[in-house]
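A.B. asks: According to Swiss-Prot, the protein has these features:
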| type | residues | note |
| --- | --- | --- |
| CROSSLNK | 39 | SUMO2 cross-link |
| MOD_RES | 98 | phosphoserine |
| COMPBIAS | 143-154 | compositional bias 'Basic and acidic residues' |
| CROSSLNK | 266 | SUMO2 cross-link |
| CROSSLNK | 274 | SUMO2 cross-link |
| MOD_RES | 348 | asymmetric dimethylarginine |
| REGION | 354-361 | region 'Neuroprotective peptide (NAP)' |
| CROSSLNK | 367 | SUMO2 cross-link |
| MOD_RES | 409 | phosphoserine |
| MOD_RES | 413 | phosphoserine |
| CROSSLNK | 427 | SUMO2 cross-link |
| MOD_RES | 709 | phosphoserine |
| CROSSLNK | 745 | SUMO2 cross-link |
| MOD_RES | 805 | phosphoserine |
| CROSSLNK | 807 | SUMO2 cross-link |
| CROSSLNK | 829 | SUMO2 cross-link |
| MOD_RES | 876 | phosphoserine |
| MOD_RES | 878 | phosphoserine |
| MOD_RES | 889 | phosphoserine |
| MOD_RES | 905 | phosphoserine |
| CROSSLNK | 914 | SUMO2 cross-link |
| COMPBIAS | 922-954 | compositional bias 'Basic and acidic residues' |
| CROSSLNK | 929 | SUMO2 cross-link |
| MOD_RES | 954 | phosphoserine |
| MOD_RES | 956 | phosphoserine |
| CROSSLNK | 1017 | SUMO2 cross-link |
| MOD_RES | 1036 | N6-acetyllysine |
| CROSSLNK | 1043 | SUMO2 cross-link |
| MOD_RES | 1043 | N6-acetyllysine |
| MOD_RES | 1072 | phosphoserine |
């Protein structure tokens, strides 16, 4: 199947798979809709079961391997290989499928992007690139079309197959391999050779070679590095590529080879021109590198014989100028033009790239002059070429001649060291004549306008673009772009070299800055609108060598054309504090300690021009070229500081490669220009200077050596170039590392929690085990600790940081899962000195961690709780238990502390203080016993669950009283002075812990039984007891706790005589006499009692 050549095959191939799927879905839906219509024609199951693929076709599709769709254009039919490049595909075919290489390999069509095997390509060329002659017509246009196609009319007998080499970048073709290789040297590697080329006796600009008007000046160029003197420019480029850059493989990869079937060229008659037309311009035999473009028609009086060669957006091609401006069809498919035209008639040639060439005709009898063996013309290409310009020597007796005034052709510089435009002054011979000698200077750079395709000198181009096309001039700043030469720039953010055609898109990714207000834009249209609105009256600075210009057409309508002028970073004109200046010079001397306010010191700036980096400190964000982290601050400060601190390198220029690279701050070794961050890490592992400088392995004498040895000056960090906010922020971050002076802090050695010496030779698991031990000592290591551990243990810093992070996460998960208690004990004696009231949270409990004492207390308390309901137990038994408990707890002053069992409750947040003195405990138990006998309150029936819950001696009625008060919403003062005194006593002596309730019924029962007990407590002491408490000292407290039973019995009898104690306590006030006496009593006993408490700690664990 043959079809017309299609462009944009890459885009079509990407969508082809989706289109096929859509079409298959449509076909499937169609089949489903019409399955009923065709059911009558369907054979029965017998035929379906007994039919095989061999009955239908010659092959079984089930045996064919289903190959995935390949989106790359060059696909091997014998294996799954596919490639985007023809050279890789051809190499694969030659190496793997060499048995039938010539017939099966895909070939490129020399006229379009069609690819096919040899036989199919021949048919393709015959059908599409050799059109039949059109029918004769009387009209002039038909006559012109007929004459244009005369040279392309193939005859079957005249077709020949010719092997040609071609340039894959611009489709330049030639049968000779050397010619194509020289073309590539001359046209596509100027940017590589330019830094090496120098001219004798003249200093070049930006590494370019100044071009003279004499052809012999081409031999004056030489290589800067090795002083090689070539015979030609191509020889010098070849020398640079093969000897210095060593990229000769790139040249070989750019040369392709194919066999093309083309019509045989007809012999041409060579006739001398008329005498009045002897002045003509001789063209070289091989001018295929000239780009076709607009050639303006000029009157015949103008004798300036220069050829217009617009380069951008045009194709590399060659045109043979023949008699009557006849472009004869040759072996490479250049179309021809008819011969019969009137004087002054203009013929437009449709060349590649939509660039018509207008050539005026002055005579019908201008004959072609071609010497034998030298005439060669080349086909047109379809690829765009980079904007480059060339000069060519115009020699006599070479190819063809044109009368003067036919073509205006301004000489254009193809490259900075290309061929020189020479003018011959000899008398023209009959066969071919050259123009008269010209004295015009040929060193002027020319640029082509991308809109009108006209050539202009570089100094007037911007004026033309601004006035003729009403272009708007928009200035911008890109300090991160370093202009290497006219075709290549380097991005300091990404540390990569960028060609001109992709430079603008790359700059828009980082953003262009406004030169007036420091705003950053990622869109040219928005930046132009910003300039029109905000800075319409601002004056632009002068254009420098580092300025890049871009001509853009944004949209149709007003302000369509934009002339963008981007000021970039220039290494020569950079100020002293710039990145490259520090890179090429020695590291700065460590600054002297200064006061904190003066840390932002004035940096001395050279008197060199500042135009190259006018706003060096205005870039808001900087991208590290090694780790791609975003840094805030100016380039030269933030980036240099980040490289020194994070990567331990400083920027420099490689002494051999002359490229921007880095050197180690420890051993001052220089890295190669293609290094990465991993290269630095690998070097630091083996660097001998690491342990002697910043990482602080020599902890004892590190500060003294730093002060004495000037060679270690780069180790000390220089903060004088930093902004003050950065200094303040860094100081806050580093406060935990050192409490000393900020400027001396970087020199302080790192003190590790565990010494890693001796573990560097251990296994990986052993070193990880050491890190786990270190984590148990120091779970939050600083950055410098991690760096020192990495250097000592030969581990990556990322591995160490990840290990610590994983351990911390595991600890957090375990805390959430197991809910461990964190004990935060405090001094009860000091706590008692606090005068104001303290409100402990509901989740805090008080525990006694003396296990032996608490175990005894718990067992005895359970016995007492279970015997509460038995009437045969006497009060004396209870008091004996009390004395045994006080003796068993380790001292006469210790109150009873018990651990409450953690039972799930419905209301876990109600605070229940669980610690009271033993005397109050026994009196409350007696009150509870009397309440059970009386009829004031309902009888409380203790179940087994209640018995289990109340096996703590600390479950007192005082606690329950507080719970009832908080639950009912009443203030503590409403319960009367007695309960207030007891609660104050507990607050001053004990900690709290949340109590738990088994259910609501038990809670209400405790509440009902707690009120009368709490209200009877304050009256159990008489006046004698109160006087004892007031005058008691540390030694007298024991007597209070060991009072005889008669005193407690009298107190209980007095309590029984109280009529309706609940009403009395509700009517009483906090300022009663008994309350004051009880306060004084607690003040006397609290200090000695707290001094004897051991093991009382605060737990954050909730029940």
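Heads up, the Cβ atoms here are built off N, Cα and C, so glycines get one too.
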A.B. asks: Where residue 39 (SUMO2 cross-link) and residue 805 (phosphoserine) are concerned, what is their Cα separation in Å, rounded?
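C.D. replies: Approximately 69 Å lies between the Cα of residue 39 (SUMO2 cross-link) and that of residue 805 (phosphoserine).
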A.B. asks: Which residue among the recorded sites 39, 807 has the fewest other Cβ atoms within 10 Å of its Cβ, if you could check?
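C.D. replies: If we count Cβ atoms within 10 Å for the recorded sites 39, 807, the smallest count is at 39.
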A.B. asks: Around the Cβ of residue 805 (phosphoserine), how many other Cβ atoms lie within 10 Å? Please give the count over every shown protein chain.
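C.D. replies: Result for residue 805 (phosphoserine): 10 other Cβ atoms within 10 Å.
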A.B. asks: Suppose we draw a 10 Å sphere around the Cβ of residue 98 (phosphoserine). How many other Cβ atoms does it contain, all chains included?
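C.D. replies: Around residue 98 (phosphoserine), other Cβ atoms within 10 Å: 10.
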A.B. asks: For a quick check of packing: other C-beta atoms within 10 Å of the C-beta of residue 829 (SUMO2 cross-link), how many?
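C.D. replies: Other Cβ atoms within 10 Å of residue 829 (SUMO2 cross-link): 14.
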A.B. asks: If you measure residue 807 (SUMO2 cross-link) to residue 829 (SUMO2 cross-link) at Cα, how many Å is it?
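C.D. replies: About 39 Å separate the Cα atoms of these two residues.
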A.B. asks: Do me a favour and check the Cα-Cα span between residue 829 (SUMO2 cross-link) and residue 98 (phosphoserine); whole Å is fine.
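C.D. replies: Cα of residue 829 (SUMO2 cross-link) to Cα of residue 98 (phosphoserine) measures 98 Å after rounding.
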A.B. asks: For the C-alpha pair, I'd like the distance in angstrom between residue 98 (phosphoserine) and residue 805 (phosphoserine), rounded off.
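C.D. replies: With the alpha carbons as reference points, the distance is 57 Å.
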